[in-house]
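What TrEMBL annotates here:
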| type | residues | note |
| --- | --- | --- |
| TRANSMEM | 63-85 | transmembrane segment |
| TRANSMEM | 181-200 | transmembrane segment |
| TRANSMEM | 220-238 | transmembrane segment |
| TRANSMEM | 347-365 | transmembrane segment |
| TRANSMEM | 385-406 | transmembrane segment |
| TRANSMEM | 418-436 | transmembrane segment |
| TRANSMEM | 480-505 | transmembrane segment |
| DOMAIN | 533-692 | domain 'STAS' |
Amino acid sequence: MEEVTKVPPPVLERRVRQRQTTVSVLKSKLKHGVTCSVPKVRSTLTGFFPVVRWLPKYKLKEYVLGDFMSGVIVGIILVPQAIAYCLLAGVPPIYGLYTSFYANIIYFLMGTSRHVSVGIFSLMSLMVGQVVNKEMFLAGFDLNEDSKASGLVLNASLGSNLTIGSPHSVELMGVQCGKECYSISIAAALTFMVGVYQLLMAVFRLGFVSVYLSSPMLDGFATGASFTILTVQAKYLLGIKIPRHQGYGTVVVTWFNIFANIHNTNLCDLITSAICISILVAGKEIQERYKDRLKIPFPTELIIVAGATLASHFGDLNSKYDSSVSGHIPTGFIPPQVPSFTLMPRLALDAIPLAVISFAFTVSLSEMFAKKNGYTVRPNQEMLAISFCNIIPSFFHCFTTSAALAKTMVKDSTGCQTQISSLISALVVLLVLLFFAPYFYALQKCVLACIIIVSLRGALRKFKDVPAKLRASRDDGIVWLVAMFATALISVEIGLVVGVVFSMICVIYKTQNPKVSLLGKASDVDLYEDVEEYKNLMPPPRVQIFRFQAPLYYANKDSFLRSLYKAVGVEPFLELTKRRKEEKKAKDMSSKQIKANGDKSNGEVVIGLVERELDFHTIVLDCSAIPFIDSTGMATFEGLVKEYGEIRVNVFLANCNTSVIDLLQKGQFFGKNDKDMSSRLFHTVHAAVLHAKDSYAAAESRSEDSGV
């Protein structure tokens, strides 16, 4: 019978990589940055203004129809929304039109996405409005749009800041500023700060910040903010004149104020709201049901605005029924003005969440529609584009912008090919600004509130998906609920912070309590897997294979040790303590026997009593699911080798990635000059198991020889 020769496992040789020093890297980058040439200047300019690259290649016959149609349709949708969202932002309607006009033009020049529609967004408008109203309240302005608040209002400090009689004003940049002037000054200064933050994020490439805004957290945050928007607009539906609540608990306090003043409901506004919501919802449902047959979306909002404006004008609803109207919207443009630098220190913290959320929505939408339509975008350029969509318009009396999902989807579904469509939308807004703005004077505010509320249908529908979210991933479902409730019940800013912190805590909790498993071998195959997850796996005789599915670092070191001790059933310190107790007990018994017998020749019986046979002689740590370790993790490995070595159990590592190996080598885990590396580290679990068997057999044979 032929003798089977054992084939040794292959030896992998690491490549020698010569890493550059930090100084040389900095020198090369500095040299590359300061050098100037014509090609570099040209590439910098074309990179900063991507329109220079794609506009000369524009396929007129192929693209112009789709771009023109989508631009006109989005512009028609944009006009009523621009006026409506000013209710959220706390500024007069004309500034919403300015914001939409400038943002579309700047993104046309600087954006890399072909489909994204940048402009006013309900969430951004709400967050701007909260800051504007807070600062207006602190400056002593009456926050009620029309007159003093009616009935009972739950806001204990409100009365001290309301001004009665002559119009209140404050001095700003050497000029007396009234309510309208001060509100847009706050919004413009806030927008400038948001743009500066986003520009700094782009320069220092801090786009990774958006990584911490997980999808479930953003969905929950948007849903909670949508509920807040609905609450803020509810008073317009009923025609109740109550000021917007300042501070935490806006949703709870506002609903209390609404029900406390429900007897003051304006029937004209209530009937108008019911009719408008019915028509808007019906229009949306018809569009969704027959979207395959409808080539262009039906402009329901524009029809509602036109019809309601005519009804309010010819019915004289404002004077007869005291219905709130939009008021005079001037035509033309206001001269540019530098944002108030005196307000910026007070707005510095408020601008941070707006900057992050605006950037996150813009980049995520850009990447989503780029993948859908088969092209690429540059995230850092997107950050630059959205930063200048805030910095430059802040000089022209505009407020914070970002990409808007609904209008982007409309552009995509109506044949948009390039950002020429944004230019067309800006021209539609320009026509309104120059000619048609005054015709919206009689438009009721309740109609604008209806447009805002119906636009929230998509976000509010996500409540139906909560059970499915919890079934798919309990952690993601809980993150969604926490972010939603914190945003809706506390405040939008606090909700964002709570959502981010809670989602990060969930990640940390997962790494501190990961899945651990003992592995077994499949028959006739050198494959080792979890014995609890797969059938017909047999653990190797007297070898324990342990897998830890998380990075090993300072925060989960104790969890790693606890799970390992529990899995193998032997804690080395306790085992050593037991053996020492048995040794001491054996010594005592031996000394008693010696004294009783008077025999002093047999004192070596203790050694045989202390040795206890364990179920295993080797532990193999499968490190394939450990992406990285730190110095604490390396110290944990060293402690395991030492402690289990004291009870004659070997500890081997298998399937380590190169970053883990490098750290272990730097920390001299394998001894001086890595002399123990071949006996502790193995490329596969099977190689470690074979080595464990051979080592144990060799140790047994040496023991037998010494015994003989």
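Using N, Cα and C of the backbone, Cβ positions are placed for all residues, glycine too.
A contact between the transmembrane segment (480-505) and the transmembrane segment (385-406) is absent, since fewer than 3 of their C-beta pairs, 6 or more residues apart, lie under 8 Å. Outside the transmembrane segment (385-406), and at least 6 residues removed from its termini, the chain residues within Cβ reach (under 8 Å) are 89, 91, 95-96, 98-99, 102-103, 106-107, 110-112, 116-121, 123-125, 127-128, 184, 187-192, 194-199, 201-202, 333-334, 336-339, 354, 357-359, 361-362, 365-366, 455, 458. Per-stretch counts of Cβ pairs under 8 Å to the transmembrane segment (418-436) identify 63-85 as the leading one among 63-85, 181-200, 220-238. Tallying C-beta pairs under 8 angstroms between the transmembrane segment (181-200) and each of 63-85, 220-238, 347-365 places 347-365 first. Long-range contacts of the transmembrane segment (347-365) within the same chain: residues 113, 116, 118, 121, 123-124, 127-128, 131, 135, 186, 189-190, 193-195, 197-198, 201, 207, 209-210, 213, 218, 377, 379, 382-383, 385-386, 390, 400-403, 405, 408, 492-493, 496-497, each at least 6 residues beyond the stretch ends and with a Cβ under 8 Å from a Cβ of the stretch.
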